[in-house]
Every structure is written in structure tokens, then in C-alpha cells.
Amino acid sequence: MSKLHRSCLNFEGNTLKHCLGAKKADERRRDLAEKESLLKRDPATWGLPLGDIGDGTWWAGNVTVGTPAQTFLVDFDTGSSDFWVVSTDCGYCQTSAKYHPENSSTAVDLSKNFSISYMDGTQSSGPVWLDTVAIGDLVAENQAVAAIDQAYGGGGDPADNVWALMGMGWPSLSKSGNSTFMNTLMTGGDIPTAQFSFSLNDGSAEMFVGGANTDKYEGEFSWVNTAQDFWRVPTNGLSFNGRQLSQESEAIIDTGATAIYGPKETVATLYNQIPGAKNLSEVYRSVYSDLRGYYAVPCDFSETVSFGFGGRVFDIEPKDFLELGQVPTNPFYCIGGILGNDDMPSPWLIGGTFLQSVYTTFDITNVRVGFAKLASASTAQGWAA
């Protein structure tokens with residue numbers, strides 16, 4: 001949904017620049033193809049290995065489009081609902097993998113255009129086709145694919161590092177008005193249950209389609225009901241070292257976001273509790289509008305920041321809280337993973353800073369989201385106000 005997350009943070013001149021290179025994306029695509037052959041699978045579910053690209057800014061896996069299959073490295077975003085791929089008509093897009101609908105015998109031109117804008121002003125647009133789309137053995141026929149021929153960054157300049165994105169949100173968010181990938185699989189009876197799950201921990205990240213992978217989590221899920229626009233759920237709030245800092249409110253669960261975004265006042269309260277924390281502009285020694293809401297904390301940060309869902313508290317691993325990386329001008333400070341922003345469609349937007357520390361299942365049939373402990377890491381205990 002937001003696009004801070006769609007590229008790594010890099011300080012260049014006066015702005016936070018996009019810095020994901022096409023070469024790295026191509027290498028990751030090949031690595032993931034090798035991993036796929038080793039996965040445990042059965043006919044109706046699929047565990048897709050995800051690569052951590054840009055140190056947690058993208059979690060992407062291989063998807064094929066067309067007949068014969070064309071392979072793309074795709075970012076999976078629960079904050080939107082359309083599937084788009086850069087096409088051969090986007091001349092300035094630097095990725096080597098571009099969609100050739102004219103080379104696919106199953107491609108059908110719908111003669112309509114797609115356009116989407118993200119929270120930071122980035123935009124993508126292009127014509128919509130129907131084609132065969134597959135994740136491993138799961139095949140969605142006549143799936144809508146937007147063939148992107150124009151992509152622009154937040155400043156209005158052409159964006160050269162985009163490649164493909166699959167929206168995993170509800171149909172109501174679709175800009176094209178066509179069936180989502182999950183809905184197409186459900187309609188075709190291709191999956192045993194209308195669920196998909198994410199494990200975004202380092203080294204073994206995966207999207208599991210058709211349920212939840214029992215090898216990736218332990219214990220029971222904490223389930224919360226969701227709206228059917230965004231994956232918008234109730235949260236018990238934010239806590240720091242066991243002290244609750246915010247009351248119950250709503251949060252959007254967004255795998256497409258790197259960070260957590262929350263009310264400026266609450267976020268400021270959090271960083272006031274963290275020893276040595278400062279506004280990022282103080283540490284970076286420059287004040288730019290795009291740094292507002294960012295904070296820096298000492299890189300030896302080891303405090304406990306938590307969110308509550310369904311009456312349970314889930315801790316954020318310190319390494320995940322620091323995932324946005326080191327401040328280039330000060331090696332002792334790292335960028336905190338919770339940002340202040342009052343211009344969100346919900347009080348909280350929960351991205352990778354939190355989601356890397358838990359196992360998350362999105363349940364379409366029962367209209368709910370579940371959180372569980374990762375099999376080897378995350379801690380969950382009873383919620384205490």
C-alpha cells in the first residue's frame with residue numbers, strides 16, 4: 001500500500017532514494033527458482049519461498065504468467081488487490097524480466113486501462129489482459145494482469161526499478177474491477193481452504209497458499225475479525241517494556257509495508273521512552289519534509305516493543321525493529337521501525353517491522369486474520385492492560 005517499503009532506504013542528496021537494482025532482482029529470481037524445487041508440497045497447497053530484497057523492504061517470490069510461462073519476481077502486498085507486471089512497453093524500466101502478452105497464447109486483451117497510486121505518490125498504469133498465472137502448481141486461468149507501461153516515483157520522475165506486484169487484498173480494493181488471484185483460485189476449487197499465510201523471518205521466508213504451514217509456527221492462533229476493504233483488524237494497542245502506550249484501536253495488516261505507521265503523538269511517546277532516541281533529523285543533521293515522523297535509536301537497542309491482537313501480546317524482535325538500517329552519517333544510530341503518520345486510512349498500519357516477528361494467516365472464508373508464534377523465534381503471552 002505504502003511504497004517506502006517497495007525500495008530500500010538510501011540517503012542521497014536531500015531525499016530518501018529508491019536503491020533496488022535490477023541486477024540484484026535478477027539474481028534473487030534465479031536463487032528462488034532453485035529453492036522452489038526443494039519445497040514440501042501437496043496438490044492443493046503451495047509454499048512459495050520469498051527472498052528478502054533490500055534488507056526487509058521487499059519479500060518477493062517467483063510467479064509465472066502466460067503460455068509458455070514467463071517468470072517474474074513478484075512482491076506480495078495485502079494492502080492492495082491488483083496484479084501488475086512491467087511490460088515490454090515500459091522502455092525505461094530496467095528489469096530484464098518484462099511481460100510479453102503478444103508471446104502468450106492464453107493472453108486476451110480486455111481493452112481497458114489500469115492505474116493505481118500509492119500512499120507516497122508513486123504510480124503505475126497500463127492495459128489489462130487476462131492470462132494464465134501460476135504460483136508453483138496453483139494455476140489461475142483467465143486471471144487479470146495489468147501490463148505496466150508507465151511507472152512514476154513519488155517525485156513524479158519515471159521509476160526504473162519496478163517489476164511486479166500481486167495484491168492480496170479484498171476485491172473491493174481492486175482498481176481494475178477484476179477477480180483477485182485468490183478469488184480465481186477459490187472459484188476454480190484449486191485450494192482446500194481460502195487462506196494464505198506469511199512467514200517473513202530471515203532465511204526461510206514463505207507465502208503459503210491454501211492454509212497455514214505447520215512447520216512455520218507453534219501453538220494456537222490469536223484470531224481477530226477483519227473488515228473487507230483493507231485487512232483492517234482491532235488491535236489491543238502498543239506497549240513498551242510491558243507498559244501500555246495506546247488504547248484499543250484499528251490496524252491495517254500490510255505485507256507491502258516495511259515499517260509500522262501510527263499516530264504521531266503515540267509514536268513520539270514511544271520514542272520518548274527509549275534511551276537515546278532522537279528525531280532522525282537531529283542525527284542526520286538535516287531537516288527535510290520526508291524525514292518527519294522518522295526516529296533514530298542507538299543500534300544496540302534491546303527494549304521490548306509489542307502489539308496486542310486478540311488479547312495476546314506479540315513482541316517485536318529488536319533486530320526487526322531496526323530493519324530500516326543504520327543512519328549513514330552516524331554508525332551508532334539506526335532508524336526505528338515505527339514511524340509517525342496521521343494521514344493513514346486507519347490509526348495503525350502494520351508492516352514488516354512487526355510481521356517479521358510473527359506468523360500471519362489471512363482467512364478469507366471466515367473473514368479474519370490470525371497471528372501465531374514463529375516456530376523458532378517470536379514470543380506471545382497474555383495481554384495485560
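Keep in mind that glycine also has a Cβ here, set from the backbone N, Cα and C atoms.
All TrEMBL annotations are machine predictions without curation.
Remember, it's a predicted structure, so these values are computed and weren't measured experimentally.
Here is what TrEMBL says about this protein:
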type     : residues    : note
DOMAIN   : 59-372      : domain 'Peptidase A1'
ACT_SITE : Asp77       : active site
DISULFID : Cys90-Cys93 : disulfide bond
ACT_SITE : Asp254      : active site
So, three-state DSSP: helix, strand or coil for Cys93 (disulfide bond)?
coil
Asp254 (active site) in three-state DSSP notation:
coil
Among the recorded positions listed here (Cys90, Cys93, Asp254), which has the Cα closest to the Cα of Asp77 (active site)?
Asp254
Tally every other Cβ atom lying within 10 Å of the Cβ atom of Asp77 (active site).
26
Which number gives the other C-beta atoms within 10 angstroms of the C-beta of Cys90 (disulfide bond), all protein chains shown included?
24
